[in-house]
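Q: Quick one: this structure, given as structure tokens, is what I'll be asking you about.
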Amino acid sequence: MEDLLYSFVVTDITSALVFVRRQTDALVYASLGLNKKQLLKGARTAFNQLSKKSAIHYNFKQIEVESEQEHVEKFQDTVNKFTKLLEGHIVKDLHYEYMFGTSLQHRIWDELVKIPHGKVTTYKEIADKLKIKNGSRAIGSGIGSNNIAIVIPCHRVVCSNGTLSGYKWSTSLKRKLLEREHVYASNKKDALNKDTKISLMKYKYSA
């Protein structure tokens, strides 16, 4: 059995459910949304599926961020750093690790982490970097499997023509996250949506 500490965080842009692995103090799961019951249900489903593969039972323990319980200082620090990220701040020392995903998905997520605040890249660019021929679909699937929102910044990946494409936690939230990072439509008078385009010349990240 393994303990996973969790807490809900609330910001003006959305709420989140955050899990930290007790034995490593690493962030291992973060999901976005306003419905706490649905967030917790999604987490239970994800960890139950993982449990079938790992043969480990994951024990959920809720910790309030302001709790004075012993041995939760590192947990609180991790949750506070995640909250700052969600609020649009740059945080460089948040400890996380992958509990989910395949080796290919881990490579994809590692590429996403390289995209800086205020920049975007495309599915094709990632496929080319990883040398996956015709790999945009595989990249999209890998991005959609990301279970650590914001820290693994899948909201910074767009289509080759600059349109937003989908987002696991809703396209409307993807727009808000990008605009918070000062990434706008080519015509700033237009709100970012599935039809407007981001200026890749201005915002695209090049390694």
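First residue shown is number 1, and so on along the chain.
Backbone N, Cα and C define each Cβ position, glycine as well.
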Q: If Swiss-Prot says R137, S160 bind DNA, which of Y123, Y167 does it name for the same site?
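A: Between Y123, Y167, Swiss-Prot records just one in the DNA site with R137, S160, namely Y123.
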Q: With the DNA site defined by Y123, R137, S160, which remaining residues of that chain have Cβ atoms positioned within 8 Å of the Cβ centroid?
A: T122, K124, A127, G135, S136, I139, G140, C159
Q: To the nearest whole angstrom, state the Cα distance for the pair S160 (DNA binding site) and C154 (active site, nucleophile).
A: 15
Q: I'm trying to understand the geometry here, so how far is the Cα atom of C154 (active site, nucleophile) from the Cα atom of Y123 (DNA binding site), in Å to the nearest whole number?
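A: C154 (active site, nucleophile) to Y123 (DNA binding site), Cα-Cα distance: 10 Å.
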Q: Restricting to the chain of Y123 (DNA binding site) and a gap of 6 or more, list residues whose Cβ falls under 8 Å of its Cβ, or answer none.
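A: For Y123 (DNA binding site), the qualifying residues are S136, I139, G140, I143, V157, C159, S160, S165.
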Q: Counting Cβ atoms within 10 Å of each candidate's own Cβ, which of the recorded positions R137, C154, S160 comes out highest?
A: C154
